[in-house]
Number of protein chains: 10
Amino acid sequence: MTTSENDLAGLSQLGRHTVQPDNPETATLEKVPSPHRGRDYVVRFTAPEFTSLCPVTGQPDFAHIVIDYIPDEWIVESKSLKLYLTSFRNHGAFHEDCSVSIATRLVEVLNPKWLRIGAYWYPRGGIPIDVFWQTGNAPEGVWIPAQDVPGYRGRG
Amino acid sequence: MTTSENDLAGLSQLGRHTVQPDNPETATLEKVPSPHRGRDYVVRFTAPEFTSLCPVTGQPDFAHIVIDYIPDEWIVESKSLKLYLTSFRNHGAFHEDCSVSIATRLVEVLNPKWLRIGAYWYPRGGIPIDVFWQTGNAPEGVWIPAQDVPGYRGRG
Amino acid sequence: MTTSENDLAGLSQLGRHTVQPDNPETATLEKVPSPHRGRDYVVRFTAPEFTSLCPVTGQPDFAHIVIDYIPDEWIVESKSLKLYLTSFRNHGAFHEDCSVSIATRLVEVLNPKWLRIGAYWYPRGGIPIDVFWQTGNAPEGVWIPAQDVPGYRGRG
Amino acid sequence: MTTSENDLAGLSQLGRHTVQPDNPETATLEKVPSPHRGRDYVVRFTAPEFTSLCPVTGQPDFAHIVIDYIPDEWIVESKSLKLYLTSFRNHGAFHEDCSVSIATRLVEVLNPKWLRIGAYWYPRGGIPIDVFWQTGNAPEGVWIPAQDVPGYRGRG
Amino acid sequence: MTTSENDLAGLSQLGRHTVQPDNPETATLEKVPSPHRGRDYVVRFTAPEFTSLCPVTGQPDFAHIVIDYIPDEWIVESKSLKLYLTSFRNHGAFHEDCSVSIATRLVEVLNPKWLRIGAYWYPRGGIPIDVFWQTGNAPEGVWIPAQDVPGYRGRG
Amino acid sequence: MTTSENDLAGLSQLGRHTVQPDNPETATLEKVPSPHRGRDYVVRFTAPEFTSLCPVTGQPDFAHIVIDYIPDEWIVESKSLKLYLTSFRNHGAFHEDCSVSIATRLVEVLNPKWLRIGAYWYPRGGIPIDVFWQTGNAPEGVWIPAQDVPGYRGRG
Amino acid sequence: MTTSENDLAGLSQLGRHTVQPDNPETATLEKVPSPHRGRDYVVRFTAPEFTSLCPVTGQPDFAHIVIDYIPDEWIVESKSLKLYLTSFRNHGAFHEDCSVSIATRLVEVLNPKWLRIGAYWYPRGGIPIDVFWQTGNAPEGVWIPAQDVPGYRGRG
Amino acid sequence: MTTSENDLAGLSQLGRHTVQPDNPETATLEKVPSPHRGRDYVVRFTAPEFTSLCPVTGQPDFAHIVIDYIPDEWIVESKSLKLYLTSFRNHGAFHEDCSVSIATRLVEVLNPKWLRIGAYWYPRGGIPIDVFWQTGNAPEGVWIPAQDVPGYRGRG
Amino acid sequence: MTTSENDLAGLSQLGRHTVQPDNPETATLEKVPSPHRGRDYVVRFTAPEFTSLCPVTGQPDFAHIVIDYIPDEWIVESKSLKLYLTSFRNHGAFHEDCSVSIATRLVEVLNPKWLRIGAYWYPRGGIPIDVFWQTGNAPEGVWIPAQDVPGYRGRG
Amino acid sequence: MTTSENDLAGLSQLGRHTVQPDNPETATLEKVPSPHRGRDYVVRFTAPEFTSLCPVTGQPDFAHIVIDYIPDEWIVESKSLKLYLTSFRNHGAFHEDCSVSIATRLVEVLNPKWLRIGAYWYPRGGIPIDVFWQTGNAPEGVWIPAQDVPGYRGRG
Ligand SMILES: [Ca+2]
Ligand SMILES: [Ca+2]
Ligand SMILES: [Ca+2]
Ligand SMILES: [Ca+2]
Ligand SMILES: [Ca+2]
Ligand SMILES: [Ca+2]
Ligand SMILES: [Ca+2]
Ligand SMILES: [Ca+2]
Ligand SMILES: [Ca+2]
Ligand SMILES: [Ca+2]
Ligand SMILES: [Ca+2]
Ligand SMILES: [Ca+2]
Ligand SMILES: [Ca+2]
Ligand SMILES: [Ca+2]
Ligand SMILES: [Ca+2]
Ligand SMILES: [Ca+2]
């Protein structure tokens, strides 16, 4: 079972002119039917261009974000995911909060069999924070490679 | 039990002049008997020269693909695998769909004890997609090293 | 459940002028409510700027420290963590002792579901010491990536 | 001749609460006297957290930026440099234009003996653009190490 | 002098629906005025998604291509460059020939102060070919970092 | 129990002038008693200088080979292993066949508690083949680090 | 429970002038009470400056050695460990034998809960030998990172 | 001026069944007209699959070889180069001698404007030998990137 | 002319119990005669364990420092250099100032033929500062390798 | 002009049983005629297995040593070089002294057109020393790649 034109009907953003959503609440995450329903495959998105604001100081924060999930009925439409991530640009949130919230939103929209997020934040005060969350153990027999993002090393 | 000349009889592509197949449907995946039947070894193919087309825009997509499998009766003849992968050059398919389809075709032809594919697509919209699928848990006692393809890091 | 302003009330260091604490005893580790209580996520701090003193010779020691933990009710406030780590600057302790003590203090303050520390000390006498400790097995279904700090290689 | 308190007088941003400037025009780049006037040393700033907007589509662009300069009378005050770079967050400019403009502004403010910028933009359409500019040959006898930012490699 | 809307008038491909050109001859390389005329800056394009055909066997070839140039009056419009490079997909040419031809075409269109190309072809027969060409010595006082593409190492 | 002179008696190659064996059949793999019988340690040989011939075309093939084993009574004498591997220089065999055959021969000679081979062949047709085989699950409580040979990445 | 002065009483080498021991038998491995008895932490020593002699030819051998252990009552005093390792400088032993012997001696002195050694020998005859041994499965709930020493790659 | 069919006439090996030459003397290096005569471009061949024999012991030697040259009238036909390099398989020569001889032969056949060879031999006796030779200074205005083959590092 | 015992007479710190100097002014940099006077060799010190204080906030700063020099009559005694660098631990200085001051002091003490310092500071505000200074062009015919300290890359 | 049997006559160590020389004075560096006299090629030896003693404390020192030279009439016989380097095993010398002495000895024996040594010593007191010396500018038109030994980075 592969992706058909029908599967793409009803999408409001893919292949169209779109406006950058102002914040995560107004961003629309869209989905299409998984092309190989019944097969437990993993999809990984790597988003090194993530930025949000510090809720206390208003200063920009940056993160390298990697999302892995196993679709059930749906896969996320990738342009809408990009716009969703972009919508944090003027949004204030703490690192731990922001990272888990992105995953939560994806889980609500996709209802995947499993999902995890790794958020690798740029250092503040010399000490970067990474946040790792998953919905729980993955289903048996699924292959999920390590994200293997290099650790922060300071200098030298 | 090693490979004999008999094992290679009936192959239409190995050691012959061949024409590039136009699309995956017309490509012929060929197989030869596994040289060590009864032994559960893993064969890994690394194909960094994969390209297909976007089914919506017709623009080229690129991927670095790694395939691992445990033969049962058959191993794939490697020249036919190369021609099969090359046949996607003018074929349109979404990343998730295309990746799992390659694995599916190999499973049909080889009926292996186990197979997995890792497809590491070049970024579009700044966010690359990786797809990971396997037929299920590998048989007990087989050694399958990590694919360990470096993650996408953006710049810097 | 995300972080609210209430959660930050009572903090004495975040967003304020602070004095460097003289030693670990006088440093105040502060905490705020975990923004996603009920979710077992991992927080990683990477602190490559750690220094303390050798208790025998008084000479400076250096370490690259990585802390992973799963919050229960609380997360550590990161500025207070930084000040706490800084407070070892004029404190004398052996490598094994110092490394486990940091983790112990964090456990006392946060009462996390799980915590581990990796302390990668700079070589003395040509032989660096690394210390690894965790509170025990992590809860089921939580994702904890490897710390993956490169080993010491000498020269060449 | 080292930095004295006098040198810091008149600074409006260092050690004070500051507001993020809205755009490069309203940002104030400040300077302090070079601490070793008469010595031709090089100062390098590495700013991997740069982001601006595409002037055509309004979509975010990202860059890793490295600036090298040889002070004459002045060095740039680093907090003001950070705020200046941050001020591009909602500013639209093409890659080539934006990169050279940053350098131009620094030259106007500092009137350095020499300055160069390397701007390593994240890929768009699969092809990243890097921009390199310097004010001309550096003065004789000054040591300027290579910036040595890794090239973009796609995947694999 | 920065890029104005006028500079973009007359472009036929940027921001428009475009058809993939069939071959390099029918591809249209477009240009816009250099935003900082009078300044000798370097623009680098890194194109790891290049593919053409072997003129003898018709089999696909792949290359990682890096182009550096110093604009005089014009810079190349990057979408048209992408389409130009894509147009080699069904074009047959030897490695040495193809690499220098791309540079030649760019020189004809842009008449730059200086240009070079590094083409790093994937191995055939176990031995990759790299081709390096430049229009001659670069103008004095321009900074041109090394391309620093890792060499082919085989395995291990 | 360490290695004694008695253990080395009867060796025909170690410390002697030897002739290169012509093919694997005439090569003599020799063994000495394991110095710590009763202890399940792992021995790893890394042989990046392996070459054989393609059985169809007669052209040279190259591989980077890593062998891990847990001795029972015997360890292989390393000079004889080297000569055995060298004996494939003019021997024709397919990748899968050759890799598993080497392991098979070692198992026959040493009768180890466990053995595995990783054979990382240089690319042919742009696609390298790796072969991984082990005799089954290793005994409980033995430490066997990953071989961690970098994957083939093509260019760029 | 941290390290006290009492714990260091009775040490003959730490903080004193010492003579290099001539061979492993005359070297004195000393120990101090574990500072956090009751806690199962791991201590890693990385010793890239190890050298011994070939027992057959008398030629120097070199190794990069990594030791991990979980203390029970005692930790090894690190200066004495260094002197112990140095004592192999004029000692002849085969690779497998020497590696396991070092671990054996440490086990005798420390009686640790668990210990392992990885000995990564420099190549002889083009083929390096690595030896890996541990005392058995580690206690439950202890964190033991991979040693992750890069494999030998030959050249290129 | 690009490559025409005429240019390929008279080649005896390209696109034909060929026999492995027995030794360098019987190997035929063939050439075709340079496709862009008048342009000083550099061609780099990277050959990590080189092997020859030690003239004293008859044991195999291995090298990673990189050749750079600037064609005058001719470029080398790459299949013939491969066969030429393969012809050293059973040929005995010292490292310094063998490396310079390969370059000498290419110079005789191609009469290039400039040529250099870097031969990076695998270690013998723990000490690898590299040999670097060029025909002299390259012509002015030609771009020749560093070969940048990683040095031998031993272990660790 | 090599180092004799006489050369070491008069040293107050080497091979003696020493007290950590409180600040750079009270630290004593000592020197011994250059062992090969008349030969222009380069000595490089790599000091990744440098820390000082911010003169404004009193917070710790960290740097990785590399010093290269060509001795004239004297070389610096390395233990005194270590103690000198350690003496900045409680000393406040700006990055540019501190870096050049260290070099200045060494020049005063050693009067070398040439000296340079590279100071690679840990990021503050997300933007690390590097400082590079040398006394001028090195004497002709001296070999001075690049320091080649990796640039700061943020995350990902 | 290649190496003949005559060239090897008179060698006392190559291909013979040899005794380890006790110290550098008793070691015999041997030479053979350069196989391509009249050609200015560079020979590089990489010796990561160097060890000597500290002349003050008698403790072992370690270094990774790289030697480059351009032969005139003679090349060094590599087995004798290995034995010469091994002869420092029980020899005491300071880093600067020892490094330049090795080069001096080679110059005396070979009278090369040019020679340089890079000695990369393992850290002592947390600060490694590198020593770089060459005989002066190399002859015109000779290609001498960078040694490119990675710098010491401490931890992290
Ligand atoms: Ca892209
Ligand atoms: Ca990895
Ligand atoms: Ca040390
Ligand atoms: Ca890793
Ligand atoms: Ca090493
Ligand atoms: Ca190939
Ligand atoms: Ca490089
Ligand atoms: Ca690639
Ligand atoms: Ca690894
Ligand atoms: Ca290799
Ligand atoms: Ca060797
Ligand atoms: Ca920071
Ligand atoms: Ca570099
Ligand atoms: Ca980055
Ligand atoms: Ca390099
Ligand atoms: Ca570091």
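Cβ atoms here come from the backbone N, Cα and C positions, even for glycine.
Annotated in TrEMBL:
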REGION    C:1-33  region 'Disordered'
ACT_SITE  C:CYS54  active site, thioimide intermediate
ACT_SITE  C:ASP61  active site, proton donor
BINDING   C:VAL76, C:GLU77, C:SER78, C:HIS95, C:GLU96  substrate binding site
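Other C-beta atoms found within 10 angstroms of the C-beta of C:GLU77 (substrate binding site) number 20, with every protein chain shown included. Here the Cα atom of C:GLU77 (substrate binding site) is found 28 Å from that of the residue listed as 'active site, thioimide intermediate'.
If you check the binding-site residues C:VAL76, C:SER78, C:GLU96 against C:ASP61 (active site, proton donor), none has a Cα inside 10 Å of its Cα. Using CA atoms as reference points, the binding-site residues C:VAL76, C:SER78, C:HIS95, C:GLU96 were checked against the residue listed as 'active site, thioimide intermediate', and the closest is C:HIS95.
For the recorded positions C:CYS54, C:VAL76, the largest tally of other C-beta atoms within 10 A is found at C:VAL76. Residue annotation for substrate gives C:VAL76, C:GLU77, C:SER78, C:HIS95, C:GLU96. The furthest Cα pair among them is separated by 25 Å. Within the same chain, residues at least 6 positions away in sequence whose Cβ sits under 8 Å from that of C:SER78 (substrate binding site) are C:PHE45.
Proximity to chain A (CB-CB distance below 8 Å) holds for none of the recorded positions C:ASP61, C:HIS95, C:GLU96. Fewest other C-beta atoms within 10 Å: among the recorded positions C:ASP61, C:GLU96, that description fits C:ASP61. Proximity of C:HIS95 (substrate binding site) to non-local residues of its own chain (separation of 6 or more, Cβ distance below 8 Å) is seen for C:ASP61, C:ALA63, C:ALA119, C:TRP121, C:ILE129, C:VAL131, given in sequence order.
Across the range of the region 'Disordered' (C:1-33), the DSSP-based residue counts are 4 helix, 3 strand, 26 coil.
In the three-state DSSP classification, C:VAL76 (substrate binding site) falls within a strand. Note: C:GLU96, taken in sequence order from the recorded positions C:ASP61, C:VAL76, C:GLU96, have a C-beta within a distance under 8 Å of a chain G C-beta.
Not one of the recorded positions listed as C:ASP61, C:VAL76, C:GLU96 brings a Cβ under 6 Å of any atom of ligand 6.
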